[in-house]
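What TrEMBL says about this protein:
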type: REGION; residues: 1-23; note: region 'Disordered'
type: REGION; residues: 76-99; note: region 'Disordered'
type: TRANSMEM; residues: 180-198; note: transmembrane segment
type: TRANSMEM; residues: 204-224; note: transmembrane segment
type: BINDING; residues: Ser268, Lys274, Glu275, Asp304, Lys492; note: UDP-alpha-D-glucose binding site
type: ACT_SITE; residues: Asp304; note: active site
type: BINDING; residues: Lys493, Asp517; note: Mn(2+) binding site
type: ACT_SITE; residues: Asp727; note: active site
type: TRANSMEM; residues: 797-822; note: transmembrane segment
type: TRANSMEM; residues: 834-853; note: transmembrane segment
type: TRANSMEM; residues: 925-949; note: transmembrane segment
type: TRANSMEM; residues: 955-976; note: transmembrane segment
type: TRANSMEM; residues: 988-1008; note: transmembrane segment
Amino acid sequence: MASSTPPKPQVKFGVRTNSGRVMSLPREEEVSIAHVSEFTSTSSGGPSDYVDYMVTMPPTPDNQPIGADVPAATQTKLGDHRPTSRLANKGRENAPERSLSVMRSTNKSTLIRSQTGEFDHNRWLFDSHGTYGYGNAYQQADGGTAKYDETGLADFLNKPWKPLTRKIKVPNGILSPYRLLVWIRLAVLVLFLVWRVRNPNQDAMWLWGMSIVCEIWFAFSWLLDQLPKLNPVNREADLSALREKFETPSPENPYGRSDLPGLDVFISTADPEKEPPLVTANTLLSILAAEYPVEKLSVYISDDGAALLTFEAMAEAVAFAEVWVPFCRKHSIEPRNPEAYFSVRKDVTKNKKNPDFVKDRRWIKREYDEFKVRINGLPDLIRRRSNTLNKKAAHEREDSVGITIDNSNPLIKATWMADCTHWPGTWLTPAPDHSKGDHASILQVMIKTPHPDPVYGVPDEHPYINFTDVDIRLPMFVYVSREKRKGYDHNKKAGAMNALVRASAILSNGPFIINFDCDHYIYNSFAIREGMCYMMDRGGDRICYIQFPQRFEGIDPSDRYANHNTVFFDGNMRALDGLQGPMYVGTGCLFRRFALYGFNPPRANEYTGLYGQHKRTISASSTGSLRFTMEDVEQPLAETPDIDAPKKFGNSRMFVESIRVAEFQGRPLADHPSVKNGRPPGALLRPRSPLDAPTVAEAVTVISCWYEDNTEWGDRVGWIYGSVTEDVVTGYRMHNRGWHSVYCVPKRDAFRGTAPINLTDRLHQVLRWATGSVEIFFSRNNAFLASSRLKFLQRIAYLNVGIYPFTSIFLVVYCTLPALSLFSGHFIVQTLDVMFLVYLLLITVTLMLLSLLEVKWSGISLEELWRNEQFWVIGGTSAHLVAVLQGLLKVIAGIEISFTLTSKSAAEDEEDIYADLYVIKYTSLFIPPLIIIALNITSIFVGCSRTIYSEIPQWSKLLGGAFFSFWVLVHMYPFAKGLMGRKGRTPTIIYVWCGLLAITISLLWITISPPEGSTNGSTSITL
């Protein structure tokens, strides 16, 4: 307690409360010192309770009331640094500016103390209109004292830096046991294999030898698949932070224009018969309506078949987009694929508050139905138009030249466009310079560059829908069909993608590229923004691509052939995200254009040692591998030597000059000291220049078939050639240079597509993937030859990509071992002793526990795991085996392998959306699984007959062989069910014939090789 005694009765008694504040009491009446102790007591409330008092804040600038002057008063120090306060009389005239009136109370004062006996500061602030000081939670209206006049609320709000993404680690309660079980199972496998080698089956060494070789390979294959799964991660993106940084008004961006980088979207199609134009048109409409700045978005479609049907279907889609895209923006439609939106079976009015929604939806649905009818009628329209114009041209030729149309002068059956000119692409009747492999370049800008500022609709502009205050602009859209000539290797899809890369660099030069197959559409209109969060975040300059998971529609509910492939997309890919990044899987991938050009990242790590335990950080400026070097990681690209550019990228100077611009525009925002290699805010606000004729002409030049001659396109630049799985190779090359990738899994599916549910189509799809993997294994893209910039576990993952098809050889042998065991009367072990069963039990239990924990961190279900394992056996004994043979033929004999496109069209039965599931298309891939099924079924009958009619039955060997045969048949069940077709369509006589055939073969085997001791004609059954 401290006191001051000026003249007169102005004696102040100060008391320190429990909260550390000092309260001074003026003695204007007869106040005894005893009352002071009562004032601070928790039992106060009697007649000496002071209710008329005044609070004076200490003379510091951070806690003065608004408008108060800082008095030259001394502060009593009590030995601590907590804030203090004083009590003065309410009516004192010498401090009117700091007078605070409070309520009177006849009972215990709630203003003086709270329930704990402390001063109620919150109540004081409310009643006195006090201040909290300075910060981003509260700010004075008039700026406060002179010392803080230069600091405003905006200064506090602009200080915090928010990351755009964050990494969410798997809980240790799941990941630690998972890793422990992996090593436990590995130790059990090693002990089991050692035991198997030391305990051969002397009665059947051939059977034991085949089984032990297969088991060693299976253990090695499991290890390759399991090691990259040791560090799974999850990620989240913050869309609100992206909007605040790039689309909020600021001193650098006073009008709030979008500072996001440009984006070029690629759609690839090749055959309108197998890839219906209506599916492609719906994909285009979903992209045009995506939630990304319209002036920054450009869409390109690559028609590798140069079909007029696709061209006119896209023109129809553009016309329909003029009403569909504004409708989606007005009512926040999801998904923005018209076919998917109108097929959704749910309440479409949920969360819709605009009274025009029902009317607008009814009208747009009718417009879409008419749009579909026009698309479906295009083939007949083109054919009738071409026939009419061909006859007219023939008559004109006869009249002008006098030549009669006959066999010597046949009628030229050209394909005509709507403007009565010849279509420069593929004709309905192939002709020289107008066939699929021989036609000119086609580039058509169907939607020009949009205005940089929003263009809103006006009232009464549209007769049926009111687009007032709705942005009616559309992104730029370009139709591209590269030139094809005989004698050139056009490199399939990879060549088409590289042509789009060059054409888009000339026309729009977006620093980022995202590619889609024609049957994959945008299901989440904000998905592109989520991917851009990773590119624009701190460290985003080291990311080469963002891979989104593939989700499929139209799959049968049971997912008979594991079409969803969730084990790979939610398990393996999520685990790779914790290493150097996921693989590129062909579609739904957001690329950094600069990385596609073959450059090294600005910063990379080198991993040395036996398993990459030593890490060294290097920068691009310290490597000599770049022809476009960087002077510093935070500086733009150095000057490009003209002598090097044509050798690498071709002879288009406009394209070479665009590289520098794309690299700079793709950098993250330099809004924090920790952001390296960034660009200043507001650098991308300048509107894009409109296209002119020379620019379009240059774009046509770079898609010619000869442009890639003597360049590094397909070798180091762009999509890589030489494999049917160009996607995996392209991603591997980027990782091998030190780039990182990210796996983006939004809460709502980003994109959706279709997958073949027919058994034959599914097997051919798997055959193409496996053949590409074999090609990778026998090429310089083998992970054994990777650079030191590839992480050890990432190297293991890519090594598994090239090795997994060879597992089919051992799988086929292992699936026939149970049948051979039952036929011969022997087993893979001498006897079913305890050690064998214990090892078998431990291996099974650890596998089950690993599966349960993998379900926990990946989100997949046990049923999906089981379906994946079933189809692994089916594909391994059919498609993978053929892929190995084809790959060996290509490597040894140089025989090229061609594949047909997977059909995206549905079956003809419109009443059943899963009708294609029951269609049987016989192929040679069915032969190996059919032989395995027949052998195992027959061997069970043979084994049972042998054991029953044997004088000394060997029931343990029968049970062992029958159990493994049953294991094989259970895995083959989906394959057998697929051969049966639709339920009820397979005649009963088929099953009767199969049973009779199995019994006949069993009896025949018994006759040829009777059991020992049964030649005397008498048999006995003993257990």
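A Cβ is built for glycine as well, from the same backbone N, Cα and C atoms used for every other residue.
Since the structure is predicted, the reported quantities are computational estimates derived from the model, not experimental observations.
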Greatest inter-residue Cα distance in Å for the UDP-alpha-D-glucose-binding set Ser268, Lys274, Glu275, Asp304, Lys492: 16
Fewest other C-beta atoms within 10 angstroms, as judged across Lys274, Lys492, Lys493, which are the binding-site residues: Lys274
Local Cβ density at Glu275 (UDP-alpha-D-glucose binding site) - other Cβ atoms counted within 10 Å: 24
Other C-beta atoms that fall within 10 angstroms of the C-beta of Asp517 (Mn(2+) binding site): 24
Cα separation, Lys493 (Mn(2+) binding site) to Ser268 (UDP-alpha-D-glucose binding site) (Å, whole number): 8
Considering the transmembrane segment (797-822), which listed stretch of 180-198, 204-224, 955-976 counts the most C-beta pairs under 8 Å: 204-224
Remote residues contacting the transmembrane segment (204-224) - C-beta distance under 8 A, at least 6 residues beyond either end: 186, 189-190, 192-193, 196-197, 796, 799-800, 803-804, 807, 810-811, 813-814, 817, 820-821, 824, 826-829
Recorded positions clustered about Asp304 (UDP-alpha-D-glucose binding site) [Cα within 10 Å; pool: Lys493, Asp517, Asp727]: Lys493
Whole-number Å value for how far Asp727 (active site) lies from Lys493 (Mn(2+) binding site) (Cα to Cα): 10
Sequence-distant neighbours of Asp727 (active site) in its chain (C-beta under 8 A, six or more apart): Met583, Tyr584, Val585, Gly586, Cys589, Trp719
Alpha-carbon spacing, Lys492 (UDP-alpha-D-glucose binding site) to Asp517 (Mn(2+) binding site), which is rounded to whole Å: 14
Spatial separation of Glu275 (UDP-alpha-D-glucose binding site) from Asp517 (Mn(2+) binding site) - C-alpha basis, Å: 10
